[in-house]
Amino acid sequence: MALTSIFGGSSSSSGTPATSSPSDVKTQLKSQISQELAIANATELVNKVTENCFEKCLNAPYAASQDNCVDQCLAKYMRSWNAISKAYINRIQQASVNGEI
């Protein structure tokens with residue numbers, strides 16, 4: 001993505017000035033940052049789950065009984081992830097209401 005599109009400009013070189021207000025630009029930037037953080041967090045979760053659960057549960061030679069260990073490990077990670085995410089979102093919302101961000 002070109003920086004000009006982030007700041008309200010077009011990627012073409014038509015030379016027309018950007019018509020976005022500063023608040024629109026700020027909103028667009030916040031939205032883009034939020035999306036990028038969500039992707040980074042999801043990627044980190046997948047990497048940690050893969051690293052920890054598969055290392056803990058899967059041994060050579062593979063046995064079908066190891067599936068249960070992986071399932072339980074994944075479920076535990078997802079429960080923890082959801083609890084942490086809810087707490088984080090609540091803190092961000094509270095900070096926003098208080099004008100801290």
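The backbone N, Cα and C atoms fix where each Cβ goes, glycine too.
What Swiss-Prot records for this protein:
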| type | residues | note |
| --- | --- | --- |
| COMPBIAS | 1-23 | compositional bias 'Low complexity' |
| REGION | 1-27 | region 'Disordered' |
| MOTIF | 53-73 | motif 'Twin CX3C motif' |
| DISULFID | CYS53-CYS73 | disulfide bond |
| DISULFID | CYS57-CYS69 | disulfide bond |
Tell me the Cα distance separating CYS69 (disulfide bond) from CYS53 (disulfide bond), rounded to the nearest angstrom.
8
Listed in sequence order, the residues of the same chain lying six or more positions from CYS57 (disulfide bond) whose CB sits under 8 Å from its CB are GLN66, CYS69, VAL70, CYS73
